[in-house]
């Protein structure tokens, strides 16, 4: 009896262990339940299938790439057996290739849109001036006293596309634009002190190179004055270069010319609206005057009476005159 009980106990334990092992095998092999096996990405793959579908803008681009990707999309909605699996080479390499080709194209599209927004024409506002003793006067005047009385004539020129170079001045500080090699503050003082200690007649001081004067400080007879910083430039090209690459000098007149163009554009739009309103008022006035003239004439016609209704002492109708003549003739005869 004891041996039988032991055998039954052992058989029950063996059956339990067999059931646990079967459940583990079912979990480790999902092909028997119809769930497709998850494929780990290879070494050369760029991204997984989820990243691939997030990058592609439309599913039509996915279909014509390869037959393996079409099979993958077609069979993903249906449970498949281990025999119907798509080969790993087709199912894994095609999404990675498409992901690597679609993501950079998306980035290039966005950058091209930003460049198109930045690359716009721009108006530069300047004034042609003459220089007399280092003072800029108006172009048309001969004396400085007359230039103060006359209003300066401002002109404009349009820069070609691609005006702005680099980042806008609001996002860039002047200190960051300066070179790191340039000494600042105390370093300049320490460098200048040993040079100043040398006697004035020494050859070291004589051989020291002099700084080149900038072009805008050179005396000139006439030029073009920037309306933002009032600097005079010899040629129109130098003025355009100043507005275009002014950030290199530590400041820029770019914002001034943009706001000036906006203000002038708004003023022109307001003036055109006022002119249109005045034109409509002028066209409506003669119509109203004609209508007023027609109204009293109609009233006068209504107020007139025929000859028969008028009193005889004032007006005589032609019929009454004939009757009187006939009556006089009959009485005379």
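For all residues, glycine too, the Cβ spot is worked out from N, Cα and C.
Here Swiss-Prot flags 10-29 (among others) as compositional bias 'Basic and acidic residues'.
Here Swiss-Prot flags 92-105 as compositional bias 'Low complexity'.
Marked as compositional bias 'Basic and acidic residues' by Swiss-Prot: 143-156 (among others).
What Swiss-Prot records for 170-179 is compositional bias 'Polar residues'.
If you look up Swiss-Prot, you'll see 185-196 (among others) marked as compositional bias 'Basic and acidic residues'.
If you look up Swiss-Prot, you'll see 271-281 marked as compositional bias 'Acidic residues'. With a cut-off of 8 Å between Cβ atoms, none of the residues of this chain six or more beyond the compositional bias 'Acidic residues' (271-281) come close.
Per Swiss-Prot, compositional bias 'Basic and acidic residues' is recorded for 282-293 (among others).
The phosphothreonine annotation in Swiss-Prot covers 213.
Annotation comment: Swiss-Prot describes 308 as phosphoserine, evidence class a large-scale study or a structure entry.
Under the heading region 'Disordered', Swiss-Prot lists 1-45 (among others).
Taken from Swiss-Prot, the feature region 'Disordered' applies to 73-107 (among others).
Annotation comment: Swiss-Prot describes 143-214 (among others) as region 'Disordered'.
Taken from Swiss-Prot, the feature region 'Disordered' covers 267-333 (among others).
According to Swiss-Prot, the zinc finger annotation covers 224-248.
Per-residue pLDDT, averaged across the zinc finger (224-248), gives 83.
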